[in-house]
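See below for the structure under consideration.
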Amino acid sequence: MFRFVCVLFIALVVFCTTTSAGELVCNRPNEEYRCGSACQTTCATLGQRCPIMNIRCNDACYCKEGYARYGDDTGMCVSISQCNSKRSAIAQILRSKQLSKNSGV
């Protein structure tokens, strides 16, 4: 029985070490594969610290330096200057909707 358990354990170790996940392919514009934070840099979270503390970094596709994801963690990487202009455009639309609502139009 002991011999069977040892053989099973060794087989499990060999299986686990040979079936590790392959490297992700990051082929979208301004994106690269690296080991990084648990939080993606997004336009909505620029300048904020990631609230998740990792023991080890995460292997994933991240935006290159100077870029952030537009939308959620899977959005396209856009330049940080585009984040600010898109935020301004959205804020302006919301303000105009609020003004038209207040004026009864």
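Cβ coordinates are placed from backbone N, Cα and C, and glycine is handled just like the others.
Annotated in Swiss-Prot:
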SIGNAL    1-21  signal peptide
DISULFID  C26-C61  disulfide bond
DOMAIN    26-83  domain 'TIL'
DISULFID  C35-C57  disulfide bond
DISULFID  C39-C50  disulfide bond
DISULFID  C43-C83  disulfide bond
DISULFID  C63-C77  disulfide bond
Query = Between C57, C77, which of the disulfide-bonded residues has the fewest other CB atoms within 10 angstroms in the structure shown?
reply = C57
Query = How many Å lie between the Cα of C57 (disulfide bond) and the Cα of C26 (disulfide bond)?
reply = 17
Request  = Please tell me which one of the disulfide-bonded residues listed here (C26, C50, C61, C77) sits closest to C43 (disulfide bond), measuring Cα to Cα?
outcome  = C77
Note = Cβ neighbour count within 10 Å, max among the disulfide-bonded residues C26, C35, C61, C63, goes to C63
Inquiry  = So if I draw a 10 Å sphere around the Cβ of C39 (disulfide bond), how many other Cβ atoms end up inside it?
reply    = 15
For C26 (disulfide bond): DSSP state (helix, strand, coil) = coil
Ask   = Three-state secondary structure of C35 (disulfide bond) from DSSP?
value = strand
Note = For C35 (disulfide bond), the spatially nearest of the disulfide-bonded residues C26, C61, C77, C83, using Cα atoms, is C61
Using Cα positions only, nearest of the disulfide-bonded residues to C39 (disulfide bond) (C26, C63, C77, C83) = C63
Note = Least Cβ-packed of the disulfide-bonded residues C43, C50, C83 (other Cβ atoms within 10 Å) is C50
Inquiry  = Taking only the residues in the domain 'TIL' (26-83), give me the average pLDDT of this model.
reply    = 93
